[in-house]
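**Student:** Here it is, the structure in full.
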Amino acid sequence: MAGILAWFWNERFWLPHNVTWADLKNTEEATFPQAEDLYLAFPLAFCIFMVRLIFERFVAKPCAIALNIQANGPQIAQPNAILEKVFTAITKHPDEKRLEGLSKQLDWDVRSIQHWFRQRRNQEKPSTLTRFCESMWKFSFYLYVFTYGVRFLKKTPWLWNTKHCWYNYPYQPLTTDLHYYYILELSFYWSLMFSQFTDIKRKDFGIMFLHHLISISLITFSYVNNMARVGTLVLCLHDSADALLEAAKMANYAKFQKMCDLLFVMFAMVFITTRLGIFPLWVLNTTLFESWEIIGPFPSWWVFNLLLLLIQGLNCFWSYLIIKMACKAVSRGKAGKWNPLHVSKDDRSDIESSSDEEDSEPPGKNPHTATTTNGTSGTNGYLLTGPCSMDD
């Protein structure tokens, strides 16, 4: 074990040439980031999760009720032992051959069986009230941490001149505000990592899990090798759009259409500007080029920049989804009311609507006629679904 730890904490990997861990030990004159500081994130992550439960129960839920958001879930499927066994043990999406077999076995028409499976799938989805409470919690946290980050960074020299991220590196003292900011962000991402398994299940679960994993790695990595200054720029920049997305979701759940439209447009503009413009031109420029000139590359420098480039790849992917969603909403809005958070089932990045698969026709209706007048199922030519999930 001692050999493994010595290999893992090899100074030639983590630190620039001629710098040792002994040089970064805390003294009476200066405090530096220590790896053991990060253990504090685990109990804090649990505390954040508990605060979330209290917040959703005693703050978000009363707000939702005041906005007439009901806790009622989707319609309950008719009890049927045979269909329930197929649903739980075989498949939640039976193919045509299985549907025909069940139709003969139960003496039901195929459309009725399809309707039952849709209702049964919707039973496992959360109510609008649950989704509103989750979004309100995330909105509140993102707004707080972004506000704190801005107030902290505006007093630092590296916000105005990014070369200060590398001057006197790695002998840059750790301030109380920077330590609090880092540990708070790390604790929140750990809480998201664990709560993702209990939160609303989304189609982009794997991508979000990868994002949380990369974010935790970046925060941990930059803290250990004292690249925390540039790390604060990355954190604050990526927090800037998140509150707007959650606010747009809340407006959508509360059926404040105009506010939802405005907030989504604001979110899209901020997200694309910060992730595709400011981040590569400002942050990646300093981590790749300014740091090369001032301190030069070393092994952990390469890993840190690789993680940042992976984050940028996710930013490009999500920007593509946002643009695609907006274009789809605008084009379909020509035939009806435009809602940027309402997209087709194939285009959405998450599944969180409790009614996106509910039938608009009675169970026995011929499936070949189950379309609206403009040839698509749903409302105003598109299915109602939840908004794109952008939690980072």
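Using the three backbone atoms N, Cα and C, a Cβ is placed for every residue, glycine included.
Any TrEMBL annotation is an automated prediction that lacks curation.
Pulled these features from TrEMBL for this protein:
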TRANSMEM  38-55  transmembrane segment
DOMAIN    83-127  domain 'Homeobox'
DNA_BIND  85-128  DNA-binding region
DOMAIN    130-331  domain 'TLC'
TRANSMEM  180-198  transmembrane segment
TRANSMEM  205-224  transmembrane segment
TRANSMEM  260-282  transmembrane segment
TRANSMEM  302-323  transmembrane segment
REGION    341-392  region 'Disordered'
COMPBIAS  369-386  compositional bias 'Low complexity'
**Student:** State the residues, same chain only, that lie 6 or more residues beyond the ends of the transmembrane segment (38-55) and have a CB under 8 A from a CB inside it; answer 'none' if no residue qualifies.
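**Tutor:** Beyond its ends, the transmembrane segment (38-55) has Cβ neighbours at 136-137, 140, 183-184, 186-188, 190-191, 194-195, 220, 223-224.
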**Student:** Mind checking how the domain 'Homeobox' (83-127) divides into helix, strand and coil residues in DSSP?
**Tutor:** 32 helix, 0 strand, 13 coil
**Student:** Going along the chain, which residues at least six beyond the ends of the transmembrane segment (302-323) come within the CB cut-off of under 8 Å?
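**Tutor:** Distant Cβ neighbours of the transmembrane segment (302-323) are 207, 210-211, 214-215, 217-218, 221-222, 225, 227, 234, 238, 268, 271-272, 275-276, 279-280, 283-284, 287-288, 347, 349, 388, 390, 392.
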